[in-house]
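Notes follow the structure.
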Amino acid sequence: MPAFKTLDDLNHIAGKRVLVRVDLNVPVSEGRVTDATRIERVASTIRELSDKGAKVILLAHFGRPKGQPVGDMSLSLIASAVEDVLDRAVFFATDCIGAPAEDAIARMNNGDILLLENTRFHKGEEKNEADFTAALARNGDIYVNDAFSAAHRAHASTEGLAHHLPAYAGRTMQAELEALEKGLGNPSRPVVAIVGGAKVSTKIDLLMNLVKKVDALVIGGGMANTFLAAQGIDVGKSLCEHDLADTARKIMAEAEGAGCSIILPVDGVVAREFKAGAANETVAIDVIPSDAMVLDVGPRSVEKVNDWITKAQTLVWNGPLGAFEIEPFDAATVSAARHAAERTRSGQLVSVAGGGDTVSALHHAGVAEDFTYISTAGGAFLEWMEGKELPGVAVLSK
Ligand SMILES: Nc1ncnc2c1ncn2[C@@H]1O[C@H](COP(=O)(O)OP(=O)(O)OP(=O)(O)O)[C@@H](O)[C@H]1O
Ligand SMILES: O=C(O)[C@H](O)COP(=O)(O)O
């Protein structure tokens, strides 16, 4: 793992202005934050810096306002949720640069916490413009990046600032990078990856990268159908990207060349309707009725997946094995999740998972707390699984 500085390297910071990039891009409904996980994840960094007497100045984006102020994307809507999580006062400035920011910072006492308005209200943020970055940098002495989930963006507040100020990884960034290193960087073997979800098309780069890194790749969910169809199996009315048959064959050939076992379903739970409680039956994968669709992998397949989880020392998971939102098609995902959780609890498995639906599925199975690490990142986690360099991480290690 590339070396980077952490908060352990930051001493004597009382009175210093620390610009902390956090990810406050949280779901909001009717003015209320409906999931504060991302805020909870950055709380330890904020508290630690504040306890050391730093003036903690939070930088974040919210939504995609495209370089201009948009009312319902104001971080003023999130400030009280940050206060609730921290149980400390959080001041707010109506702009992240210029007089509003400077005046608010001038009023700060040591240990105070200030949230600056959405960085994406300025065009310079996403363009990583030199003038805008310099304007942000003028408000700080030190830069801490605690937003792994925004580190795939080379923006002023996620990348540019590290060229202007001494740069450090916050506690969440540090934990995420350490967990990901255990997952794919330098993992204990065998490493098994489970990739599921709806479509192959959104995960081609990810699959191509994984077959080079893992010992076994379990393919489930809707995307398994594309692989099965590419092998000449009739998948009936199942979700299937027939035009990606060549891509699927290429991924399988790459896997063979790299010595990675591809584990495809050998049976499936099929139904005629995509709805909870729909009449269903379990069939062998080569006799899928032409008017039915596979909505979950079957029990024999789950047994195979669980055998691989038993053999594995490391598990990386993105995408559910079936349509887990509608019962009973959650069965395979729940079974594999619980088995992985049990192995993790007993210290025999390092388990790392990410992806919005994946995290929901693990919560649904009641085991999200038991995994070694659950990433709150969406795009950044996927790009990491694709083997891409994340600009916000790369710059910290320079
Ligand atoms: N056999 C199937 N047929 C149809 N849809 C399926 C099937 N198996 C899984 N899915 C769907 O795949 C979706 C989840 O896949 P996705 O790739 O989006 O997961 P993710 O990467 O964890 O989530 P996100 O994209 O939100 O980060 C779910 O909505 C689920 O219903
Ligand atoms: O929600 C996310 O995944 C991050 O906050 C990044 O947001 P973005 O996709 O709008 O850059």
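Cβ coordinates come from backbone N, Cα and C, glycine included.
Per TrEMBL, substrate binding site is recorded for D23, L24, N25, R38, H61, F62, G63, R64, R120, R153. Listed in sequence order, D23, L24, N25, N118, T119, R120, E125, A150, H155, S157 are the same-chain residues six or more apart from H61 (substrate binding site) with CB atoms under 8 A from its CB.
Annotation note: G355 (ATP binding site) sits in a coil segment as assigned by DSSP. Counting every protein chain shown, the Cβ of G355 (ATP binding site) has 24 other Cβ atoms within 10 Å. Residues or ranges marked as ATP binding site by TrEMBL: K203, E325, G355, G356, D357, T358.
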For G356 (ATP binding site), what residues in its own chain, 6 or more apart in sequence, show a Cβ-Cβ distance under 8 Å?
G378
Please report how many Å separate the Cα atom of K203 (ATP binding site) from that of G63 (substrate binding site), as a whole number.
24
Below 8 Å Cβ to Cβ and six or more residues apart, same chain only. Which residues does that give for T358 (ATP binding site)?
G197, W317, N318, G319, P320
With respect to ligand 1, which members of the binding-site residues D23, G63, D357 satisfy a Cβ distance under 6 angstroms to one of its atoms?
D357
What whole-number distance in angstrom separates the two most remote CA atoms of the substrate-binding residues D23, L24, N25, R38, H61, F62, G63, R64, R120, R153?
18
